[in-house]
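One structure below.
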Amino acid sequence: MSTTCPLSCGVCTFQCKDTEDQCLAWAQMGECDENPVYMYKTCPVACGICSPAKCQDTKFQCEGWGKNNGCNENPEYMARHCPVTCGVCKDTCKDLEADCPGWAAGGECLKNPVFMYKKCPNTCGVCEGSMCADSNITQCHIWADAGQCVVNPTAVMKECPSTCGVCTTTCFDHDESCSGWAKAGLCTEQPAFMNRVCPSACGVCAYLTNKDEL
């Protein structure tokens, strides 16, 4: 329930952030699975319950480094400074407001779709699953140029969430086995793979969150 209903279960606070310095170490020891009630509330980023603010590359050289195999040759640095280029962060349907479930319960997804689909895409079911991608990139650009994202949001935003500005680039684990792999020490043994596939379990997401707060 905590992963599906974080607000109702008291997981969410005003900020998506770990509140203890030991969160990453605890998560890699398997505490998210063994002690979820405490860990989900105290270490939501380390446990992958929520993701930090929008993720972006911080170096203008990232694209070039990525083309030159930098993500594999220097995985720790690249994951932290070029997370989009290296596939650490991907477009998702992420709610941007804590009030989204309440607004949706009041029927706002249908009453005010232009606002709600952009602020609460996950709650309003804009995307299939959590990933955020256009169904037809060419057609989506045609519709967007014609203003259809605003004129016909209930249909077009669901078909074209990326073009219509619904997607948020966030840091999260991309495999259900990440917690177990991290506990087994693979973050250290196979950093190129693990930083890309399991950034939350390996502490990359927590690093990006803390960096944004400095």
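Yeah, the Cβs are placed from backbone N, Cα and C, and that goes for glycine too.
Caution: TrEMBL annotation is automatic and unverified by curators.
Annotation comment: TrEMBL describes 16-50, 55-89, 93-127, 171-205 as domain 'ShKT'.
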Checklist outcome for this item: The correct DSSP tally for the domain 'ShKT' (93-127) reads 17 helix, 0 strand, 18 coil
Checklist entry - Using DSSP, how many residues in the domain 'ShKT' (16-50) fall into helix, strand and coil? => result 17 helix, 0 strand, 18 coil
Next on the checklist: If we skip the immediate neighbours and take only residues 6+ beyond the ends of the domain 'ShKT' (171-205), which ones have a Cβ under 8 Å from one of its Cβ atoms?
Outcome noted: 24, 27-30, 32-33, 45-48, 51-52, 55, 71-72, 75-76, 78-80, 83, 86-90, 92
Item to check | Secondary structure content, the domain 'ShKT' (171-205) (per DSSP, counts of residues) | outcome: 19 helix, 1 strand, 15 coil
Checklist entry - Mean pLDDT for the domain 'ShKT' (171-205), as a whole number? => result 89
Item to check | Secondary structure content of the domain 'ShKT' (55-89), with strand meaning DSSP E or B | outcome: 17 helix, 1 strand, 17 coil
